[in-house]
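Chemist: Below are the features I grabbed from Swiss-Prot:
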- 141, 143, 224, 367: Ni(2+) 1 binding site (BINDING)
- 224, 253, 279: Ni(2+) 2 binding site (BINDING)
- 224: N6-carboxylysine (MOD_RES)
- 327: active site, proton donor (ACT_SITE)
């Protein structure tokens, strides 16, 4: 017999459904559920008097020998994903990967159970009815200055770190390069203890090929070209030749001082080959004043770093001091001051906001401890989205913010994965991918996750006093969970490496325990492949006034005095 309940009762019990709108944190962004994959009346819910019990939503006969039985299920959860959209479903996990997005349960007693989403006695259950699930974030601009960065990253919802470095050496303070085979081996061994997925860039600044090849063979998933080592046309050409040969990505921080050429010379050296440009606006470095024009090319995968996101009243002042420290400049030296001033331009920073909203800039990253904050990639992304809604209005005519939300979440999930040849494994919650999942209460969305799941195992979470009688008493703060303890760390995170390194079996050679996964398809991608962020308009920059125009139209916006997801969330 059917039971009719009010919509309010349904939402209170099972969470929102199709047409319901959910506010993201204290932003002005509202996500509307587009599709509900659950069967009404057969929702799975765990707890006293609920449905996930033997003979009801849990099978009384299915063992784990049955490949359709789940290890872990998140029930009734709202999903925000660049590829799946904004939907309601159960998420089924087995062997550390997502095996189903649909209806979990017991097919002996329930209709429409997704075939490979059986709940059995071997299945752990987490109620997601009033939570939002997103894919773990990917930060592709990491200066590996200190290992404690990984903790701050995962606590913010970022589960994959790609970059370079060797610790607090001056070369690492300024550039994201792990130079040479010896350091590559040491850094892989050190990263065994980190609870996140990791990939390292080799130093791409070399005008001959063999010194680049040996770094890739030692495990580098890509090469980083940085102006502090000399971003010359010869260096660019050499790095891209090796990249094409060995199927890895090249990231570049171009020549701010225009010492060896201008933007046009760099683009000529790139010669149509795919490349990932860092802080493409230019405050973080790059051809002054017009590196932002690189975003219009179809072979350029343009990224931002988070210190310029979004444009606020404090952005300019903060950058000048950061720049002096990170690039070893001296305020007493006029040339150093001029160098700093050339990089910090309000006009191009304002344009960067709008280019993100238009889908011209495709990727968000941090520039960790080197002019950026590793724990603020997610926050700054949504602050930018909110600012653009307030200043530019709605995108499209859907009557909701879904398209803008999908555009912005793609910038730190699927698009960096596509850029670096790892989208087969991470970057979205699609079936088959590693179960790196972040769960948020809507009121804390983008700021403070409830639970971070790595490869199907809870790795970090908000946790109260361990001596309390229940899990919630204060002090509540992030603590590593069992997925980030002992030998489990090696089973819940992976290393991304080159195909050459995988063939050479560096896992065995270096004595590593984490799985190594080779990057693939780095050279046949382009801007057209970046989800919701594939726009390639004509961009011009006035060399004297720094004004930015897109297809002839001036683009600019005002800095704001305050942002959402800010101080009110960090009183304690």
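First residue shown is number 1, and so on along the chain.
Cβ coordinates come from backbone N, Cα and C, glycine included.
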Chemist: If you measure from the C-alpha of residue 141 (Ni(2+) 1 binding site), which of the recorded positions 253, 279, 327 fall inside 10 Å?
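Modeler: Neighbours among recorded positions, in sequence order: 279.
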Chemist: Using a 10 Å cut-off between Cα atoms, which of these recorded positions sit near residue 253 (Ni(2+) 2 binding site): 143, 224, 327, 367?
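Modeler: Correct set: 224.
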Chemist: Work through the recorded positions one by one (143, 224, 327, 367) and name whichever has its CA nearest to the CA of residue 279 (Ni(2+) 2 binding site).
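Modeler: Closest recorded candidate to residue 279 (Ni(2+) 2 binding site) by Cα: 367.
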Chemist: Which residues in the same chain, at least 6 apart in sequence, have a Cβ under 8 Å from the Cβ of residue 224 (Ni(2+) 1 binding site)?
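Modeler: Correct list: 163, 164, 175, 176, 177, 201, 202, 203, 204, 250, 251, 252, 253.
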Chemist: Suppose we draw a 10 Å sphere around the Cβ of residue 367 (Ni(2+) 1 binding site). How many other Cβ atoms does it contain, all chains included?
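Modeler: There are 30 of them.
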Chemist: How would DSSP class residue 327 (active site, proton donor) in three states?
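Modeler: SS state of residue 327 (active site, proton donor) = coil.
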Chemist: With the cut-off set at 10 Å between Cβ atoms, which of these recorded positions ends up with the most neighbours? Options: 141, 143, 253, 279, 327.
Modeler: 141
Chemist: Can you give me the Cα-Cα distance between the residue listed as 'active site, proton donor' and residue 367 (Ni(2+) 1 binding site) in Å, rounded to a whole number?
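Modeler: Distance between the two Cα atoms comes out at 13 Å.
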